[in-house]
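Visitor: The structure's right below; bear with me while I get my questions together.
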Amino acid sequence: TWSLKEDHRGETVYDTQTGNPVYISEPGPLPENTTTLAPASAIDKFENGQWVADLAAALSQKHEEINAWRDRQENGNYPFTLNGRRWDCGKASQTRLSPVVAVAREGKLPLGFFWTDADNIDVPMTADELISLEAAMQQNMVAVGFKIHERQRQMKEEVSKLTDAQAVLDYVVGWSGD
């Protein structure tokens, strides 16, 4: 006997566990744990026949975004002034300066040694001046690093107080006033 079979070939449905699209290529009923409703965002979860924003997923995603912001900030360059000159300050600068200061402490700097400031000007330097530069750079890195730490803690606290997943997703990560 002839019967009409369900046929959804060519349709796209969505896995209710992952939200991933599933393309239907065979005749028959829809696969188990699928829906024709598309999730509105990557943080949606399927509950009671509909997609709803998952607050826990939104919070986790935003905390990861804040951590990534913090990491970028910590790897940035934060020029400071010492003895009327601007000097680069960051992990890269500290890495370059550290072995030079070690040589300076040994009294083995090459004759006519100079260090280049943040304005790309070569500045003749003594061992004592290099040691002072390193100390000032470290002090600046600690001050900037603490501001970065405070801001990321503040953002995480503000985000954690939000009770709506969309509000969490809409929260702008960065310095206040950016």
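Keep in mind that glycine also has a Cβ here, set from the backbone N, Cα and C atoms.
Model, not experiment: these values are computed from the prediction.
Feature list, courtesy of TrEMBL:
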{"type": "COMPBIAS", "residues": "1-12", "note": "compositional bias 'Basic and acidic residues'"}
{"type": "REGION", "residues": "1-20", "note": "region 'Disordered'"}
{"type": "DOMAIN", "residues": "60-172", "note": "domain 'DUF4376'"}
Visitor: Just to be sure I understand, if DSSP states are collapsed into helix, strand and coil, how many residues of the domain 'DUF4376' (60-172) fall in each?
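Guide: Going by DSSP assignments, the domain 'DUF4376' (60-172) contains 70 helix, 12 strand, 31 coil.
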Visitor: With DSSP as the reference, give the number of residues of the compositional bias 'Basic and acidic residues' (1-12) in helix, strand and coil.
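Guide: Its residues divide into 0 helix, 2 strand, 10 coil.
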Visitor: Taking all residues of the domain 'DUF4376' (60-172) together, what is their mean pLDDT?
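Guide: Mean pLDDT for the domain 'DUF4376' (60-172): 97.
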